[in-house]
Amino acid sequence: MMFRLTSVSCFLLVIACLNLFQVVLTSRCFPPGIYCTPYLPCCWGICCDTCRNVCHLRIGKRATFQE
């Protein structure tokens with residue numbers, strides 16, 4: 001009975017450690033100049049394809065209506 005209790009305790013401890021490592025590894029952030037997404041955030045600044053302090057608007061040609 002003692003062996004079974006110890007194995008269950010070790011198993012639960014391993015699961016708890018894996019959950020802790022998952023939180024630590026997935027909560028990282030990226031410095032300026034590195035590619036980012038909403039799921040891979042910047043440490044500071046704004047995500048505009050790469051981590052930047054300010055996003056610049058991309059101004060291009062507007063579509064024209066053709067008849």
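In case you wondered, yes, glycine gets a Cβ from its N, Cα and C as well.
For CYS43, the cysteine that Swiss-Prot lists as its disulphide partner among CYS10, CYS17, CYS29 is CYS29. Under the DSSP three-state reduction, CYS47 (disulfide bond) is assigned to strand. The disulfide-bonded residues close to CYS29 (disulfide bond), defined as a CA atom within 10 A of its CA, are CYS36, CYS42 out of CYS36, CYS42, CYS47, CYS48, CYS55.
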